[in-house]
Amino acid sequence: MAVQESAAQLSMTLKVQEYPTLKVPYETLNKRFRAAQKNIDRETSHVTMVVAELEKTLSGCPAVDSVVSLLDGVVEKLSVLKRKAVESIQAEDESAKLCKRRIEHLKEHSSDQPAAASVWKRKRMDRMMVEHLLRCGYYNTAVKLARQSGIEDLVNIEMFLTAKEVEESLERRETATCLAWCHDNKSRLRKMKGRQSEHDAKTGRKSRVASGSPKESEDLGMETIKGKPELSCLEFSLRIQEFIELIRQNKRLDAVRHARKHFSQAEGSQLDEVRQVMGMLAFPPDTHISPYKDLLDPARWRMLIQQFRYDNYRLHQLGNSSVFTLTLQAGLSAIKTPQCYKEDGSSRSPDCPVCSRSLNKLAQPLPMAHCANSRLVCKISGDVMNENNPPMMLPNGYVYGYNSLLSIRQDDKVVCPRTKEVFHFSQAEKVYIM
């Protein structure tokens, strides 16, 4: 029974930590399936149209040349349909094989062979490190590690490299690449926006006018006009930034045209923000009047990068922290005790990761370990003190395990490792824990 419970806990832990491993390729497969369906439907409608035109022509007394021309058109449309279908099916097949490969990899964790389980754990650690490096921006290092470990098809490198291109374009103060990304994912971005709107409605939270920060950007309005969806939050922020850049370049007429094209259907909090930025038309680019000075701050580009990163993670249902970070924090919290943070440092153990200098600061904001039953650990040996190794207290008040005192006894005397005081072994008294 205990073995079954342990296996169930391991399986649940695996599902929680490995959710992104399967979710990202599944979303890619879903996206390619929908794109293939649209492409095939569109090309099929084109074929249907030319066939209908051919049938209409044949119902009369057409000339041979016109029939040949129409037949050539039918052949051309059929060729395009075949090519699009083959390309779409190949793309779907690649995504399906990737999902299957990752499922097979995750199944390997339950192997009965210790060597196979050890290899799987090593690969899992490498996958966590690759994802963490990608999130931190160390793309070359991450790619090299994935290639060296043979896990290129087990990590989401392609997704992060696409995000890298978008972020680099925003750093160059260009919006075209990010807008193209928004267009490729417009349906899912609008669904995200709709879910956020429903959540705000249920919680009674009112959307605030975005001032440029990623947190505020996610609170933009979610209304629709006459059944037509608004721009996604990120796309709207990009259009606002384009307007601001036109004002910065003193191209006010172009800014007005831009506003008419992209902001004419704004409503809700988006309309409030449009009204705010339209006020920039009355001020010079070097104005010191708030809030226009803040809108002209180049730091808004960094905020756009953060907003894109946030939306990209939500789009693929990824957390804001890497699995490596979460796993490390969970492990540190599980072994963190008040002894790790004694000011004098006397109670720190050299074998405790939390007591080490590199991880002590990282674990500081984490909660302490939950321990229903206390355990006494000998300072000398690190062994648990129990009925087989009873705790013994020296006259100076320090407690050590009986076996440890035996190991350091010389001429029936023991030296306290902490105070260097010398006592007779018979002076050590047994401690009883109630």
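Note that the numbers count up from 1, one per residue, in the order the chain is shown.
Note: Cβ is positioned from N, Cα and C throughout, glycine not excepted.
Not measured: the values here are computed from a predicted model.
The phosphothreonine feature in Swiss-Prot is assigned to T28; the stated evidence is similarity to another entry. What Swiss-Prot records for 1-124 is region 'Extracellular and involved in cell to cell contact', and it gives similarity to another entry as the kind of evidence. Look at Swiss-Prot and you will find 190-222 tagged as region 'Disordered'. Here Swiss-Prot flags C352 as site 'Essential for ubiquitin ligase activity'. Per Swiss-Prot, zinc finger is recorded for 352-419.
Reported as a whole number, the C-alpha separation between the residue listed as 'phosphothreonine' and C352 (site 'Essential for ubiquitin ligase activity') equals 42 Å. Residue counts for the region 'Extracellular and involved in cell to cell contact' (1-124) under DSSP (helix as H, G, I; strand as E, B; rest coil) come to 114 helix, 0 strand, 10 coil. Cβ-based neighbour count (10 Å, all protein chains) for the residue listed as 'phosphothreonine' stands at 20.
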